[in-house]
Amino acid sequence: MSQLPEVAANPYGAELAAAKKAVALAARLCQRVQRGILQSDVQSKADRTPVTVADYGSQVLISLVLKKELPSQSFSMVAEEDSKDLRKDDAQEILEHITSLVNETIVNDGSYNMSLSKEDVLAAIDGGNSEGGPSGRHWILDPIDGTKGFIRGDQYAIALGLLDEGRVVLGVLGCPNLPLKSTNMHNGSSSGDQVGSFFFATIGCGARVEALEGSEPQKISMCSIKNPADASFFESFEASHSKRDLTSSIAEKLGVQAPAVRMDSQAKYGALARGDGAIYLRIPHKGYIETVWDNAAGSIVVTEAGGMVKDASGNDLDFSKGRYLDRDRGIIATNKYLMPMVLKAVQEAIKEEQ
Ligand SMILES: Nc1ncnc2c1ncn2[C@@H]1O[C@H](COP(=O)(O)O)[C@@H](O)[C@H]1OP(=O)(O)O
Ligand SMILES: [Mg+2]
Ligand SMILES: [Mg+2]
Ligand SMILES: [Mg+2]
């Protein structure tokens, strides 16, 4: 791991190095599984087993690497998956499969000399059963964010954040299918056609991107557009995840000309943070409760790139309330110039809908 001056002087430098190592290793497992899904025939593509294996495998590797790399720290992790289903009698074949996939990934990497049993795998998954909360430190993990994109062969992210005394202080987003080169010239990147973006941020130290395979990190910043007519906005790829009648009415109120850029997962937060677009509207259907792991890593990447992330009422997101986000309807991320106008449009659109 290169010790950049800003990383060496970073109060969360050790945690950042461990988190990057953990996410990079999990990404290798996910990439292997995704290649397998895409090569398989139509019938087995409809089977959810491969993605399940990757979700669990990613969570196991991340919990393992964090504990290995930070042996003196107490460990608490709020993660999406738990071992309940894997402990059932009919899940033993899947558990076997996860165990060998995890062990093969560890051997291929070569950093650790260890082999996990099925019990070790179950225990590592259950390492993610913390309730989080306002005191102490808690890792926040979505081992595969954007499952539907993962199955389709599109965007997904491995998203790891760190909560310290109720604040998100670190975020790492591994986006194996996101081109490294910005699709917008705002940040002037010229990394060719390389695919695989690795975003990371720690509080007060800015946000950076590097190639998932490793490259010199580059500082990223939000686009500085002030006129919403020039802005483009991101939303979920999946229609069932986003209230599109509301997002299109918000876009219309703002005079946004460009069509919505639809993408799965927290890759949207990463793309926004490096200026690929100007606004991210996350407006789920009524009744959907947001989890902390769907937003923690992505939101600090955006705020450290100079952006703002708010709920529909204009409040900051509160990650200290446990596994769920305590927020009013919808999440909005954009730059400081556009935020007041976007919030106004969001609130008007919500009011008109009622
Ligand atoms: N009905 C839903 N509405 C909004 N988001 C959802 C819904 N169901 C699951 N999600 C989660 O929200 C994220 C999807 O966001 P997006 O549509 O922007 O990619 C994923 O983390 C997904 O979980 P998962 O991690 O299991 O894939
Ligand atoms: Mg998710
Ligand atoms: Mg997930
Ligand atoms: Mg899920």
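Cβ from N, Cα, C; glycine included.
Per TrEMBL, Mg(2+) binding site is recorded for Glu80, Asp142, Ile144, Asp145, Asp294. Here the Cβ of Ile144 (Mg(2+) binding site) has 29 other Cβ atoms within 10 Å, regardless of which shown protein chain they belong to.
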For Mg(2+), residues beyond Glu80, Asp142, Ile144, Asp145, Asp294 with C-beta within 8 angstroms of the site's Cβ centre include exactly Leu141, Pro143, Gly146, Thr147, Ala157, Ala159, Ser265, Gln266, Thr291, Trp293
Should Asp145 (Mg(2+) binding site) be counted as helix, strand, or coil on the basis of DSSP? strand
Binding-site residues considered: Asp142, Asp145, Asp294; fewest surrounding Cβ atoms within 10 Å belongs to Asp294
Give me the long-range Cβ neighbours of Glu80 (Mg(2+) binding site): same chain, 6+ apart, Cβ under 8 Å, in sequence order. Asp55, Gln59, Gly128, Leu141, Asp142, Pro143, Thr291, Trp293
For a Cβ distance below 6 Å to any atom of ligand 2, name the binding-site residues from Asp142, Ile144, Asp145, Asp294 that qualify, or say none. Asp142, Asp145, Asp294
